[in-house]
Amino acid sequence: MSHGKVIAVDNPIIYKALTSSGPVVVDFFATWCGPCRAVAPKVGELSEKYSNVRFIQVDVDKVRSVAHEMNIRAMPTFVLYKDGQPLEKRVVGGNVRELEEMIKSISA
């Protein structure tokens with residue numbers, strides 16, 4: 001279901017490696033989630049626009065341990081990382097405008 005330069009992650013170890021440095025956007029989604037499917041092409045466009053930011057996608061049903069560890073309660077949920085640390089604020093739902101504003105804050 002990934003679009004653009006979004007990396008699908010299905011392993012907790014790879015997740016840890018990909019979020020350990022730099023600016024990262026993590027899209028927690030589920031294949032059965034309508035809003036997730038609707039927003040995926042827009043996230044793909046953002047991944048092309050912000051090429052200095054790593055975009056990864058985590059299927060909460062396949063990588064339950066990461067979803068649990070990150071306390072994901074709704075999909076889609078976007079968690080942004082800067083220098084290996086998750087930002088406290090998250091984007092829950094398909095608000096692409098809010099997501100892009102947060103991406104700008106980590107990509108500078």
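Cβ from N, Cα, C; glycine included.
Quick look at what Swiss-Prot lists:
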ACT_SITE  Cys33  active site, nucleophile
ACT_SITE  Cys36  active site, nucleophile
DISULFID  Cys33-Cys36  disulfide bond
DOMAIN    1-108  domain 'Thioredoxin'
SITE      Asp27  site 'Deprotonates C-terminal active site Cys'
SITE      Gly34  site 'Contributes to redox potential value'
SITE      Pro35  site 'Contributes to redox potential value'
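Secondary structure counts, DSSP: the domain 'Thioredoxin' (1-108) has 41 helix, 26 strand, 41 coil.
Other Cβ atoms within 10 Å of the Cβ of Pro35 (site 'Contributes to redox potential value'), summed over all protein chains shown, number 14. Looking just at the domain 'Thioredoxin' (1-108), the mean pLDDT is 94. In sequence order, the recorded positions near Asp27 (site 'Deprotonates C-terminal active site Cys') (Cα within 10 Å of its Cα) amount to none of Cys33, Gly34, Pro35. Other Cβ atoms within 10 Å of the Cβ of Asp27 (site 'Deprotonates C-terminal active site Cys') number 28 in total over all chains.
For Gly34 (site 'Contributes to redox potential value'), other Cβ atoms within 10 Å of its Cβ number 10. Take the active-site residues Cys33, Cys36: by the count of other Cβ atoms within 10 Å of each Cβ, the lowest one is Cys33.
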